[in-house]
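Written below as structure tokens is the structure these notes are about.
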């Protein structure tokens with residue numbers, strides 16, 4: 001890790017409701033192997049030697065988080081999440097900016113990506129240490145891509161050669177990301193991930209190829225796939 005990265009903190013926006021899962025609770029609180037997805041995700045981040053702290057943004061009326069064992073961990077800090085992802089990330093960044101120890105870089109990671117590999121985090125840190133903007137984990141698009149018309153029929157085939165699936169973590173300098181998110185929200189810009197805020201300001205974040213196993217649990221069938229990946233890792237240990 002480059003010397004300029006004196007402090008690396010992970011930010012986990014976890015205030016979403018995950019309605020597409022059609023479950024009785026937000027998807028981050030569904031269980032795999034006796035632990036919630038959120039616990040798997042945060043423990044994966046905090047076990048990386050470069051990450052000193054995790055700040056998790058949770059809804060103020062969340063009834064689940066306080067019952068988790070990680071809620072009492074000294075290196076896991078809860079802050080109030082917002083209505084949108086960008087609001088939650090900005091809340092965590094504002095908290096960090098008020099601390100006596102400066103946070104140079106942040107890794108923003110989806111609460112529902114419990115399978116991120118340490119080797120991918122290593123690659124992201126290595127690439128961003130020499131990049132002026134920062135970057136994201138991503139995977140190249142492999143399927144043939146079609147653009148639909150208003151009637152949900154194929155309009156044309158899209159060239160996939162320059163297309164990537166954006167993953168997380170996404171890693172940026174804390175001050176730069178704070179300014180970008182604040183400005184974008186003030187202007188009413190739709191922010192779907194942290195990189196899009198930097199793109200809006202004209203920056204060019206790096207793409208760092210990651211593992212396809214770094215899935216986001218969004219649909220019911222994703223839960224079984226995440227369980228498979230985590231079981232495979234457990235068997236290898």
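Using the three backbone atoms N, Cα and C, a Cβ is placed for every residue, glycine included.
Listed in Swiss-Prot:
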type : residues : note
SITE : 20       : site 'Transition state stabilizer'
SITE : 27       : site 'Transition state stabilizer'
SITE : 160      : site 'Positions MEP for the nucleophilic attack'
SITE : 216      : site 'Positions MEP for the nucleophilic attack'
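Residue 27 (site 'Transition state stabilizer') and residue 216 (site 'Positions MEP for the nucleophilic attack') are 10 Å apart (CA-CA, integer value). The Cβ of 160 has fewer other Cβ atoms within 10 Å than any other of the recorded sites 27, 160, 216.
Across the structure, residue 27 (site 'Transition state stabilizer') and residue 160 (site 'Positions MEP for the nucleophilic attack') are spaced 31 Å apart at their Cα atoms.
Residue 160 (site 'Positions MEP for the nucleophilic attack') falls outside any helix or strand according to DSSP and counts as coil. In the three-state DSSP reading, residue 216 (site 'Positions MEP for the nucleophilic attack') counts as coil.
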